[in-house]
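Participant: Handing you this structure, nothing more for now.
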Amino acid sequence: MKPNDVILQSVTKVAVVIIFTFSVYLFMNGHHNPGGGFIGGLSTAAAIVLLYLAFDIEKVRENIRIDFKKLTAIGVLLAVCTGLGGVVFGKEFLTQAFGYFELPVFGETELTSALIFDTGVALAVIGTAVNIILSISEDR
Amino acid sequence: MNNLLIMPVIIPLIVGMVLIIFPKNIILQRALSLFAIAASGLITLNIMNQILDDGIQTLQLGGWEAPFGISFVGDMFSVLLVLTTCIVAFCCLIYAFRSIGEKNEKLYFYPLFLFLIVGVNGSFLTGDLFNLYVFFEVFLLASYVLISLGGGKKQLRESLKYVFTNIVSSAFFLFGVAYLYSITGTLNLAHLSSRIAEAGQDGLITTVALLFLIVFSLKAGLLLFFWLPGSYSVPPTAIAAIFAALLTKVGIYAIFRMFTLIFYHEPQVTHLIIGILAAVTMILGALGAAGFMDVRKILTYNVIISVGFIVAGLVSMTEAGLMGSIYYLIHDMIIKALVFLIGGTIILLTGTSNLREISGLIRRHPALGWMFFIGALSMVGIPPLSGFLGKVFITQGTFEIGYFWLGGIGLLASLFILFSMIKLFMNAFWGETILTEEEEKGSTKGLIFPIALLLIFSLALGLGAEGIQVYVAEAAEQLLNPSLYIDAVLK
């Protein structure tokens, strides 16, 4: 019997957009308020896993052509290398820097090296979480 | 501030991550992992000399001052262990090139190996109790995968035991951290030490100390070694060797750190209990080593004896005892990797680990046989080989504080080491040569070099003991004076 998952798929299409938006919000919010790379990455991973559940693995794989193992590695590399930035400038490992810049559209914006670090964390978390779910589901 | 301190941790980490991106390129994997270990070793050598000149080196991560941020602390003791780790890892890695198999190499063996080193080096260098927990988890996770790499039935059974044991002990570790944090309000090791010194070590703190002793005893195989003989005999040789050389030693390091830096106020309780545990461990390990007729079992029980012996030096809390422990710890890391590699090679050649079915290997493999013989004598402590000084100093330390029973059991255990190793040597290498060249299951091509390299390091440690004496004496002095550590971190 072919399972009827029209409702699941329709809801997923809308919900995934909302979850992605919310995870970006959580991620950007992280510097001064609750949020950050870990939780942002985790909610993104939740959205991707929802996609895997609603559609089948092959279909999602065709559309999201990312090797999540490599994504994890790239994320960790990004985070560690941001930490090394401090070493290059003669400060302690993991020292962060920030400054205020005039940007078009955004106006005066605070830019931090912690944001790059957090991007690395987010990528690592997405990669790990999705990888775990995929490994379990592929297990026979 | 000394940024070099973080390098032995992040160089293997970065290289490991790069290797995950290129899993199929084996030449690159081998070259880069060797480079990472060698670079970490050279940097550690540099740090070691800085410590000799300027005292304990520290690094406050992210520029957050201790005790608020996470500190990395390199005192002589930890840096010596990091250096030994790099040496052992280097040799085991070369051994793995020839022996681990292409399938495992493509299954992320090298990244996992590097992550194991990340965790071990990090555990040695961190100055924060929770960070210590994190690094323990890093190397444990890597070891969970490595122990089941290949996925044989026996391997999976033993790895389940190993995982469960370690999850339980990690949970206890967290309980201990939580207790200590609620009592003292800090997790920085130096800050913990100074706060407990101010407030006094009352019954509650001593109880927490014993909880930590249970946790680290499980990891070190001090009395609670029921998981050890099984788990260390199933993985491929290179992995078993690195486990035997490093993993129990991290537990021993943690015991030393906790009971010289933090819980050193009630030695008549805590250190006496450690002494009793060490004595029982040595006795049980000696019985196991003498009783079994299986190459791997004999070697793993020898690991257990040495755990008890090293910790016996801590019990004394004298300079001689601690120097002995440090000498013996370094010696043991190298020599255990050595004998495990030789043991693995014997099994590779004969296809069995049962000593009764092995005989006369020395005729076709004289180098292997004699290297094993020197290694065995070194383990027993025949001068001038590397085990000798450690044994002398540890025994002297236990006698100085009047624990003659402990020193006596240590010496008796050495006789059992001698008995078990010579039993292995005579059965495996002497006698009639059973196997012809065609009947041998594998070849030693490329496997002798890493073993010889380890033997050279071991010989250098024994013959050049005078040269490293300044480093070891400095390490013992820093362990005996917690104020040096505290001043370096908190300024």
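A Cβ is built for glycine as well, from the same backbone N, Cα and C atoms used for every other residue.
Because TrEMBL annotations are produced automatically, they should be read as predictions rather than curated entries.
According to TrEMBL, the feature transmembrane segment maps to B:6-22, B:34-52, B:72-95, B:132-151, B:163-183, B:203-228, B:240-264, B:270-292, B:304-328, B:367-389, B:401-426, B:447-472 (among others). Annotation comment: TrEMBL describes B:127-416 as domain 'NADH:quinone oxidoreductase/Mrp antiporter transmembrane'.
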Participant: Does the transmembrane segment (B:72-95) make contact with the transmembrane segment (B:447-472) through 3 or more Cβ pairs under 8 Å, each pair 6 or more apart in sequence?
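Facilitator: Yes, the transmembrane segment (B:72-95) and the transmembrane segment (B:447-472) are in contact.
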Participant: Sequence-remote contacts (6 or more beyond its ends) of the transmembrane segment (B:304-328), Cβ cut-off under 8 Å?
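Facilitator: Same-chain residues near the transmembrane segment (B:304-328) but 6 or more away: 77, 80, 220-222, 225, 228-229, 248, 252, 255-256, 259-260, 264, 267, 271-272, 274-275, 277-282, 284-286, 288-289, 336, 379, 386-387, 389-398, 400-401, 403, 406-407, 410, 413, 416-417, 465, 472-473, 475-477, 479-480.
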Participant: How about long-range neighbours of the transmembrane segment (B:367-389): same chain, 6 or more residues beyond its ends, C-beta under 8 Å?
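Facilitator: Apart from its flanks, the transmembrane segment (B:367-389) reaches 302, 306, 324, 327-328, 330-332, 334-335, 338-339, 342, 345-346, 361, 414, 417-418, 421-422, 424-425, 428-429, 444, 448, 451-452, 455, 458-459, 461-463, 465.
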Participant: Does the transmembrane segment (B:203-228) come near the transmembrane segment (B:270-292), with 3+ Cβ pairs under 8 Å (pairs 6 or more apart)?
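Facilitator: Contact confirmed: at least 3 Cβ pairs fall under 8 Å.
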Participant: Can you name the far-off residues of the same chain, 6+ from the ends of the transmembrane segment (B:270-292), with a Cβ under 8 Å from a Cβ of it?
Facilitator: 206, 209-210, 213, 217, 221-223, 225, 229, 255, 259, 263, 298, 301-305, 307-309, 311-312, 314-315, 317, 403, 405-406, 409-410, 412-413, 416-417, 419-420, 423
